[in-house]
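Participant: Feature list, courtesy of TrEMBL:
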{"type": "DOMAIN", "residues": "28-323", "note": "domain 'Plant heme peroxidase family profile'"}
{"type": "DISULFID", "residues": "CYS38-CYS118", "note": "disulfide bond"}
{"type": "SITE", "residues": "ARG65", "note": "site 'Transition state stabilizer'"}
{"type": "ACT_SITE", "residues": "HIS69", "note": "active site, proton acceptor"}
{"type": "BINDING", "residues": "ASP70, VAL73, GLY75, ASP77, SER79, GLU91", "note": "Ca(2+) 1 binding site"}
{"type": "DISULFID", "residues": "CYS71-CYS76", "note": "disulfide bond"}
{"type": "DISULFID", "residues": "CYS124-CYS319", "note": "disulfide bond"}
{"type": "BINDING", "residues": "PRO166", "note": "substrate binding site"}
{"type": "BINDING", "residues": "HIS196", "note": "heme b binding site"}
{"type": "BINDING", "residues": "THR197, ASP243, THR246, ASP251", "note": "Ca(2+) 2 binding site"}
{"type": "DISULFID", "residues": "CYS203-CYS228", "note": "disulfide bond"}
Amino acid sequence: MASSFSKFSQTLLLLVVFWGITSSSNAQLSTDYYSKSCPNLFSTVKFTVHSAIMKEARMGASLLRLFFHDCFVNGCDGSLLLDDTSSFTGEKNAVPNRNSARGFDVIDDIKSAVENVCPGVVSCADILAIAARDSVKILGGPSWDVKLGRRDARSASQAAANNGIPAPTSNLNRLISRFNALGLSTRDLVALSGAHTIGQARCTSFRARLYNESNIDLSFAKTKQSNCPRSSGSGDNNLAPLDIQTPTYFDNKYFNNLIGKRGLLHSDQELFNGGSTDSIVRAYSKNPSSFSSDFVTAMIKMGDISPLTGSKGEIRKNCRRVN
């Protein structure tokens, strides 16, 4: 009897330990992660993000894009923020980011402010997640509770950035495939693409669409051509808003643009071009609350992509370099 009880106790202990391990891995991130270690975190981040957006409304879209480009390359680990050094090549000069990703100075400002109130506590990866949420909210979009507890990567991969971030020339199958590979559904793809309700793109990203594609509103194309010449090397960095109706307000007008064949990027218009996502675009164009709800769900899912937790990674003192 004693032997049987002892075996039962051992089995029970193993089950408890196993349950503890699995539950901790399933609940690595939490919305109250810094509630005790950095209680003023959210107000500190929001103040800096708000100040940056008041100086330049476009910055909200830039900060949101940084989070996207970070998460799509080996997970949400702050690797995008690392500068190149003589012995290290980061992601900032990968094709999707070079002369395009921006807002790094604002992240530096946020990090500095956060370090002043709770030094050595909050990761740069988590700062990106909070700044993205605050940017959306400040520009009129939905808010949500951000899951936190990520740690910062000690490495980065330019090759992974080149291969992992969908190009503006991507077709629908490529977009769906890339999002699915990261655990994001086709609905998540369309909802997250709705982030293009804010921000701007460079001529190099949409020149081919303006001059070579037929599923585009002619007056829209002609207007954009005036600031984006056909010849490569001429006006490459000229900007155009991704949403021609409300470019600095987070709403569902982006989807109305797609229905009117006024998507600026090829990858935008692919979402409404006779394919499987047409019905989702139509639904979002008619129901802004449905878009907002699905966007929040998708942002939270994206934020869950391969975070570094526990003893993995580090808490960087400076977001641009490893400790």
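Glycine too: its Cβ is placed from the backbone N, Cα and C atoms.
All TrEMBL annotations are machine predictions without curation.
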Participant: Out of CYS38, CYS118, CYS203, which of the disulfide-bonded residues is least crowded by other Cβ atoms within 10 Å?
Facilitator: CYS118
Participant: Determine the most Cβ-crowded residue among the recorded positions ARG65, HIS69, HIS196, using a 10 Å radius around each Cβ and all protein chains in the structure.
Facilitator: HIS196
Participant: I need the nearest neighbour of GLY75 (Ca(2+) 1 binding site) among the recorded positions CYS38, CYS124, CYS203, ASP243, using C-alpha distances.
Facilitator: CYS124
Participant: For the domain 'Plant heme peroxidase family profile' (28-323), what is the mean per-residue pLDDT, to the nearest integer?
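Facilitator: Mean pLDDT across the domain 'Plant heme peroxidase family profile' (28-323) comes out at 97.
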Participant: Taking Cα atoms as reference points, rank the binding-site residues VAL73, PRO166, HIS196, THR197, ASP243 by distance from ARG65 (site 'Transition state stabilizer') and give the first.
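Facilitator: It is HIS196, whose Cα lies nearest.
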Participant: Within 10 angstroms of the C-beta of the residue listed as 'substrate binding site', what count of other C-beta atoms is obtained when all protein chains are considered?
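Facilitator: Total other Cβ atoms inside 10 Å, all chains included: 19.
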Participant: Among the binding-site residues listed here (ASP70, ASP77, GLU91, ASP243, ASP251), identify the one with the smallest other-Cβ count within 10 Å.
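Facilitator: Checked ASP70, ASP77, GLU91, ASP243, ASP251; of these binding-site residues, fewest Cβ neighbours within 10 Å: ASP251.
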Participant: Within 10 Å of the Cβ of GLY75 (Ca(2+) 1 binding site), how many other Cβ atoms can be counted across all chains shown?
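Facilitator: For GLY75 (Ca(2+) 1 binding site), the 10 Å Cβ neighbour count is 19.
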Participant: Listed recorded positions are CYS76, CYS118, ASP251; which of them have CA atoms within 10 A of the CA of HIS69 (active site, proton acceptor)?
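Facilitator: So the list reads CYS76.
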Participant: In sequence order, which residues at least six apart in the same chain have a CB under 8 Å from the CB of THR246 (Ca(2+) 2 binding site)?
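Facilitator: The answer is THR197, LYS253.
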Participant: Measure from the Cα of CYS228 (disulfide bond) to the Cα of every one of the binding-site residues ASP77, PRO166, HIS196, then give the nearest.
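Facilitator: It is HIS196, whose Cα lies nearest.
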Participant: For ASP251 (Ca(2+) 2 binding site) and CYS38 (disulfide bond), determine the Cα separation and express it in whole Å.
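Facilitator: With the alpha carbons as reference points, the distance is 32 Å.
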